[in-house]
Every structure is written in structure tokens, then in C-alpha cells.
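Asks: Quick paste of what TrEMBL says about this protein:
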DISULFID  CYS217-CYS230  disulfide bond
DOMAIN    201-232  domain 'ShKT'
SIGNAL    1-17  signal peptide
Amino acid sequence: MKLIAFLSLFMFSSVLANLTISFSSLSTKYASVQNEIIDTHNLYRRNTDPSARNMLKMEWSKEAQSIAELWAKECTMSHSPPENRFISSYSCGENIFYSTAPKSWKTVIDFLGDEKEYFEYGIGAKSDKIIGHYTQMVWYKSFLIGCAVTQCNYTNYSVFFYVCEYCPAGNINSLAYPYKAGPPCDDCKDFCSDGLCTNPCPYEDFYYGCAQYKIFCQDPYIFNYCTATCSCESEIV
């Protein structure tokens, strides 16, 4: 079965915290803003329920940032085409958000992360609630992130369009299991940083269930579509 990335949905808000924030202060060219985005995501990744045994620590990707910037400037208030969401080594998932007033990155991420309330491990969404933003945020192998925000000006108002790319893409096959449950770092005991793994595989599988085909990795076809499974032994795949 070929991997299919479920696109995260968008959110719109004009009524979040009434804090005065300058648009220029939100630019992801600043290391402090990048760190705010990374740290906020990693806090969610450390505090899943149940805890995760294979959760990778997020870090910034300039490639993913560039993709996010290009799409944010389009001001579509919609998702980018899946074929646009690739960096050199991985495919990417995407979260988007837009608001009629500038919001801090933490506020935006927390708004999306509030979907945790509607997520149940092993089940997925409670009732018909949206959880795709949250599951992408805590997808175990999505360890690279790059974001951007653009002010989109219209005749009588402006909209602030936020875009984040997550690589490798999450929300694959099922939202019920965004990670493996267990003691933090149980799958990466020699590569652990405050409950998060630091040993990502530099490759990506493009078929679901590659583990069952590992014994056939000598086959060029299997290797091509299951490169991570065939190449990485001690890394998180």
C-alpha cells in the first residue's frame, strides 16, 4: 500500500487573545522566532498522552521554511498542492492558519494543539472532531519544521496567513497512532534529549508497512520504496 499523507485542515480566527503584536516581529528569519516555534512544538511532543517511546525532537529546516514562505505569499488561505511539499530528503505535511489580526506563533500553535482534547490514542478523533493539526504536530518522525507568515492585504482589511511544513510528512494511513506509546525514549535510549529522540533516519519510506518487506531489501524495487526501513538500523524510521 502506498503511503498517503492526510492533509491537515485550516483554522480561521479573529477572536484569539487580544494582544498587540507587530507583524514584523513574527518573521521566521529571526532565530528567536524559530526557537519559539520549535520549543512550543517540542513541548507538545514531550507531553503526549500516553507518552511516546519514539518521538523525535524537532529542529528547524531552512528548506521547509522556504516552501512555507513561497506558499504563504500566495495568500490562498488554503493548502498547497501536495507535489509542492518536498524538500531534498523528505515529503512534508502542512498546517495552515489565518487570522484578521497578527497572533504570536505560540498562540497559533496552541490553538491548533488544543485539538489534543479531542484525540484518543488508538481511536483517533472523538466523535467527529478535527484532530489532524494536532496529530501532525506530534507525528513521531516529523522532526523538521519550517514556517512563515504573510500579511495579505485586501480593500478594507488584512488577513495574516500562517503556514508550517512538517517533514517527513505525518498523518499517514491513520490518525489513531501518531507515535508508539511507551516510556519516553524507549526506542532511542542512547539518543535521548529530555524525553525526545535525536536519531532520525535520513531517508523516508514511500510505502506503508515496509517493515514486513525488510527481508526483501536486496530487491531494487523494495529498496527504492522502503529506503528508510532498508537503510536505517539504529535510527527512528
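Our numbering is plain: 1 for the first residue shown, then up by one each step along the chain.
From the backbone N, Cα and C atoms, a Cβ is placed for every residue, glycine too.
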Asks: For CYS230 (disulfide bond), which residues of its chain lie six or more apart in sequence with Cβ-Cβ distance below 8 Å?
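Replies: Correct list: CYS210, LYS214, CYS217, ILE222, PHE223.
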Asks: Could you count the residues of the domain 'ShKT' (201-232) that DSSP puts in helix, in strand and in coil?
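Replies: Summed by class, the stretch gives 18 helix, 3 strand, 11 coil.
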Asks: What is the Cβ neighbour count of CYS217 (disulfide bond) at a 10 Å cut-off, with all protein chains included?
Replies: 15
Asks: For the domain 'ShKT' (201-232), what's the model's average pLDDT?
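Replies: Residues in the domain 'ShKT' (201-232) carry a mean pLDDT of 96 in this prediction.
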